Amino acid sequence: MRLTACTVAVDVGNTAVKLAVRQGDSIIDHWIAISCSDWHQRTVEWVRDRLGCKDTHWRIGSVHRGAAQRLMETVDRTAPDAKIDLVTFRDVPMEVAVDSPERLGIDRLLGAYAAYQTWGRSAAAPMVVVDAGSAVTVDWVDAKGCFCGGAILPGLSLQSRALATGTDALPDIQWSDRALQGDVPLPAKNTADAIYAGVLIGVASAIDGLTRRYIDAAAGHWMATASSKMAPGKMGASAMDAVGGKEVAESVPQPDAGSVLLVLTGGDSATLSPYVQYRHHQKSNLVCRGLLNLPHL
Ligand SMILES: Nc1ncnc2c1ncn2[C@@H]1O[C@H](COP(=O)(O)OP(=O)(O)OP(=O)(O)O)[C@@H](O)[C@H]1O
Ligand SMILES: CC(C)(CO)[C@@H](O)C(=O)NCCC(=O)O
Ligand SMILES: [K+]
């Protein structure tokens, strides 16, 4: 086997590690559940034996400290010459407008970075970036590429598991079964379908609803900026006329739902995509794309 130098991107989540390695013009992706006890061993074996990488440079983005530690120890032990970077928000060339950037999940920032690079920058459009995994994050990136924060809710599996553990009568449904069966009948006629419907359409509707509300919030912010240019205490239509406020307000760009880009990524994004009503892009492993695209570390 020909051995090559490789940059290995690893997104360590709470359910799985996602990997991506660039080889020539293509990118090879891989997914390993961290519920397998030897997941870290399998990770280094995939890179070394399956891809034939030597002289590896690992770029790790992690939201699970124990798992990242485990992986770094295994890489160190099996490939002592490997270079390892544990990526932080400081490595991502993006403005981060949240209270404590160091506490922000690096997967959220890397997914947003990849989405902005892929779609947002060229369109000069604000984006909603959704990562649907153990948790679902719904984040807003403005048209200048600033990460503005977002919302976090439990993912499909966490929600259905919470119903099973918190009740006597509800079963623990399997999402892999549902994905094979096609549409969810509404209203559902049995318990399992009712849980699929409630959780799946609930999360998809939360994505649509949050997107709508972010658009409204951004509009409110622009209006506030416009009205703050008026004389203090002079609000309302007649006051605006008196200080020429109407003209200012009209010159402020109005939000257009059609120009906001919605992007879905994460392990459950393909399952959710048919139920999300806003037009969107769906792309797996966006976090690893962000890692591969980072400027030289
Ligand atoms: N190849 C696959 N095998 C099994 N499940 C998969 C696969 N691909 C995606 N999934 C789904 O992906 C979900 C986990 O998504 P993902 O890997 O994005 O989460 P995570 O990044 O570990 O979570 P978080 O970042 O929220 O901690 C699982 O609940 C499962 O339903
Ligand atoms: C929300 C998750 C679990 C999604 O993977 C992750 O991004 C995380 O652990 N975040 C830390 C808290 C935050 O992002 O505000
Ligand atoms: K994730």
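Note: Cβ is positioned from N, Cα and C throughout, glycine not excepted.
Bear in mind that the values here come from a model prediction, so they are computed numbers and not experimental data.
D107 (active site, proton acceptor) carries a helical DSSP state (H, G or I). Annotation comment: TrEMBL describes D107 as active site, proton acceptor.
There are 24 other Cβ atoms within 10 Å of the Cβ belonging to V17 (ATP binding site). Sequence annotations record features per position, and here TrEMBL assigns ATP binding site to D11, V12, G13, N14, T15, A16, V17, K18, S134.
Annotation for R108 (substrate binding site): spatial neighbours V129, D131, T137, D139, F147, G150, criterion Cβ-Cβ under 8 Å with sequence separation of six or more. For G105, I106, D107, R108, T191, the entry in TrEMBL reads substrate binding site.
According to TrEMBL, the K(+) binding site annotation covers D131. According to its DSSP assignment, D131 (K(+) binding site) is in a strand. For D131 (K(+) binding site), the Cβ neighbour count at a 10 Å cut-off comes to 31, with all displayed protein chains included.
A distance of 15 Å separates the Cα atom of G105 (substrate binding site) from that of V17 (ATP binding site).
With a cut-off of 6 Å between Cβ and the nearest atom of ligand 2, the binding-site residues D11, T15, V17, I106, T191 reduce to an empty set. Among the recorded positions listed here, namely I106, D107, T191, D107 has its C-alpha nearest to that of V17 (ATP binding site). Note: the ATP site is recorded as D11, V12, G13, N14, T15, A16, V17, K18, S134; in the same chain, I34, V63, H64, A67, D107, G133, G267 also have Cβ atoms within 8 Å of that site's Cβ centroid.
Listed in sequence order, the binding-site residues among V17, G105, I106, R108, T191 whose CB lies under 6 angstroms from an atom of ligand 1 come out as none at all. Of I106, D107, T191, all annotated as recorded positions, the residue with the shortest Cα distance to T15 (ATP binding site) is D107.
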